[in-house]
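A.B. asks: What Swiss-Prot lists as FAD binding site is G13, G14, G15, L16, A17, G18, and the listing cites sequence analysis.
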Amino acid sequence: MQDKTHSPIHVVGGGLAGSEAAWQIAESGVPVILHEMRGVRGTDAHKGDTLAELVCSNSFRSDDATANAVGVIHAEMRLAGSLIIACADKHQVPAGGALAVDRDGFSQAVTDMLENHPLVTVVREEVTGLPPKEWGSTVIATGPLTSPDLAAAVQAETGEDALAFFDAIAPILHRDSINMDICWYQSRYDKVGPGGTGKDYINCPMDEEQYNVFIDALIAGDTVGFKEWEGTPYFDGCLPIEIMAERGRQTLRHGPMKPMGLTNAHNPTVKAYAVVQLRQDNALGTLYNMVGFQTKLKYSVQADVFRMIPGLENAEFARLGGLHRNTYIDSPILLDRSLRLKSRPDLRFAGQITGCEGYVESASVGLLAGRFAAAERKGEAPSLPPATTALGSLLNHITGGHLSSDDEPGKRSFQPMNINFGLFPELEPGSIVKPDGVKRFRGKDKTIMKRQLVAARALKDCAAWLGVERVATEQESDATP
């Protein structure tokens, strides 16, 4: 009998999830064939053919593992030997408390690591239908831009309608075209993050009159029309800037243009009415992206409208914004707890196609799918992460934590989800104890302690699940309640 331990597992899709899945499989000692169509067929959003290309922001969001759910999942992925987080750490650029990367260096590093791994074979080809059963165990991680043929095959197999929404891309501009006589460097609340200085963002201030003129221009700007197949809702976590403006004139002041925690270095006594932040986009510091400024405005409109922002009147854009479609399946109905398709258990799904949202979330589900597939190939039962971990919480949401009801008016449907503390199980009663000497303990202080306790529990349980020891960082030790 053939030793199935040494027969390869196939992974379809070389994005963040597929790359992570392939790495986890190979690091488990199982050969893997990674199929990626870019290089043969492109997409509407990708620019090149490297693996794990970042098409939206260059930020993996907060790296604070003490009281931020995203930082917790970063830390858990590091414990699990994540390729994506390792390459992000290696190619990070200053971004306050966030983990942001040089996008080209990052994706090239992922590509090199996989192509040079002795158990990984990268095949550049489009998979146009469901993988044949002869392939055996297969992970489908084709992401938000799944090719039409494969999407149709998945729909035919599942009998479920595919759901789609839009991810929006923010503009990127050249640093030397920014007027620093108006703008200034500062991270919000002067926060120092990994590789940062507390002055990692370029800030563009607006007074009330400038803000209102800008809002009017955003709302009046022509947008790119939708195709018939794109008639689906936006994901609230990635709304185009003009859609946010249409929802209320003050929406942006309480969102990506909020002025809190920022002091104009050129005029410190005058509080800005609104602030546009620019975040470093590459290691050289020559490119900056407009934080939260994803848009569907026409290219001809974007440059004119965004040059209305003080300090950007002569801005030169390396890339203008745009939108692309995102497709995902009804995972709670279709997948089992180890991410297998119930109707075809030889197939697993991973990444954004499962209904998670965000770079690290996609990669983390790829990490789990890869570990599950490798264990199964070696004749072992997949070890599921504890529900108290970030990995376990996200897995639970995808495979059954979502609530739906057929008999309630306006029933809730499965929606993409970022990792957040709302997905974690509650602490045991009595876990939150008022510190000695504190008279009033509620509100923000109590919330911070709760998050710290949930984060600490998650990392402890994750380390135990993986069978590894974890040494807390100095930052985490200082934050321990």
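Here the Cβ of each residue, glycine as well, is placed from N, Cα and C on the backbone.
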A.B. asks: For the recorded FAD site, enumerate neighbouring residues of the same chain (Cβ within 8 Å of the Cβ centroid of G13, G14, G15, L16, A17, G18, site residues themselves excluded), in sequence order.
C.D. replies: V11, S19, E20, A21, E36, L51, A52, A141, T142, G143, A350, G351, S362, G366
A.B. asks: For G14 (FAD binding site), list the number of other Cβ atoms lying within 10 Å of its Cβ atom.
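C.D. replies: Result for G14 (FAD binding site): 31 other Cβ atoms within 10 Å.
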A.B. asks: Tell me the Cβ neighbour count for G13 (FAD binding site), meaning other Cβ atoms within 10 Å of its Cβ, over all protein chains shown.
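C.D. replies: So the Cβ neighbour count for G13 (FAD binding site) comes to 31.
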A.B. asks: Which one of these binding-site residues has the most other Cβ atoms within 10 Å of its own Cβ: L16, A17?
C.D. replies: A17
A.B. asks: Name the residues of the same chain, 6+ apart in sequence, whose Cβ is under 8 Å from the Cβ of G15 (FAD binding site)?
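C.D. replies: Correct list: L51, A52, E53, A141, T142, G143, G351, S362.
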A.B. asks: In which DSSP state, out of helix, strand and coil, do we find L16 (FAD binding site)?
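C.D. replies: Reduced to three states, the DSSP call for L16 (FAD binding site) is helix.
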A.B. asks: Taking the Cβ of G18 (FAD binding site) as the reference point, list residues of the same chain whose Cβ is under 8 angstroms away and which are at least six residues distant in sequence.
C.D. replies: V11, V12, L34, E36, L51, V139, A141, T142, G143, A350, G351, G366
